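S.K.: The structure is given below, and queries will be raised subsequently.
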Amino acid sequence: MNLKFWKKNGTTAAADTKKKSAAREWTDAIVFAVIAATLIRTFFIEAYTIPTPSMEKSLLVGDFLFVSKLNYGPRTPMTPVAFPFAHHTILGMKAYSDAVQWGYHRIPGFQDIKNGDVVVFNYPVDVDPATGQPRPVDKRENYIKRCIAIGGDTISVIKGEAYVNGKAAPIQDQGQTDYTVQTDGTDLNRKTLQEMHISGDKISNNVYDLTMTPDNAEKIKQFSSVKSVQKFIYPDSIADPSIYPQEPAFKWNVDNFGPVWVPKKGATLKLTKENIALYRRCINFYEKNELKEQPDGFYINGQKTDSYTFKMNYYFMMGDNRHNSLDSRFWGFVPEDHVVGKALFIWMSWESEGGFFNKIRWSRLFRGIH
């Protein structure tokens, strides 16, 4: 009689050990893959998609991009407790804990942000809809825009054209804006407009409001039924209260804005009642000071002062689709700690309509972003 019946025989034990080894190998492989992918996304490169038309036609809805963290230097995590591969939400719930917050640090990159770069950044005024409170910086919504002005520049928009330090900013060939098109009464062919990727509406019997590139505007002028094509510009006499800094003294709109000086790290600004509205958020919120405006002057962290030295660089971002972009004209400057990376190239582009192979915009695959 075998008195050791409660012990597993050698074959069974070996099989269990083999099962455990296989399970352990799978677990180790999954853990390694998650860690490796997280490190790559954090410090090297990450995939993003274009959800809105604010950069059309330079970038299209359905473009999938690779964004480099190395060019400007990878930002170290600021909210370390979070679900892997999730940004701010997962299954309708918060995907992170803000109980642990680390300060802003960036590993040096091999270039600074330049005028004209296409940059991914965290939306500066993003809030958690459940609480109405600002999300942690690195968990704010990702936006992509073109950097029009860097720290130390003076930006203005005059009759729809951007100027940096008094010089016209380069016009993007694929950027678009709104045009008013007048015809002889003949309807424009909708299929033709669709093939040209022109959107818009007919606003009267012979007038259309069309959003298109300058190149397409020139082509439309050649239509026999078209009498005139005029770029639509909001007159400077019409103030838009939603334009930054959202104060009555600044009677600006999307086509007439500034001039505004963009804060630069280490630069000292003379504070006045006239300019404080432009820089209040930078001093108070982004750089975490206590700013008080009293009848006898300004107090920062309890000390009376008439100037402020900025701790970070800031940027002025605009979409290439100038009349259909929520950008720095509406919410002001982008601080350097909000910068995620530089858009490099399109690795996939997906059209929402058509068959499977027709959905893929083959001509856009692996196209560089400029």
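From the backbone N, Cα and C atoms, a Cβ is placed for every residue, glycine too.
As annotated in TrEMBL:
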type     : residues : note
DOMAIN   : 24-191   : domain 'Peptidase S26'
TRANSMEM : 29-50    : transmembrane segment
ACT_SITE : Ser54    : active site
ACT_SITE : Lys145   : active site
DOMAIN   : 308-348  : domain 'Peptidase S26'
S.K.: In sequence order, which residues at least six apart in the same chain have a CB under 8 Å from the CB of Ser54 (active site)?
M.R.: Lys145, Gly319, Asp320, Asn321, Asn324, Ser325, Leu326, Asp327
S.K.: Quick one: DSSP breakdown of the domain 'Peptidase S26' (308-348) into helix, strand and coil?
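M.R.: The counts are 7 helix, 20 strand, 14 coil.
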S.K.: Over all shown protein chains, what is the count of other CB atoms within 10 A of the CB belonging to Lys145 (active site)?
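M.R.: The Cβ of Lys145 (active site) has 24 Cβ neighbours within 10 Å.
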S.K.: On average, what pLDDT score does this prediction assign to the domain 'Peptidase S26' (24-191)?
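M.R.: Reported value for the domain 'Peptidase S26' (24-191) is a mean pLDDT of 94.
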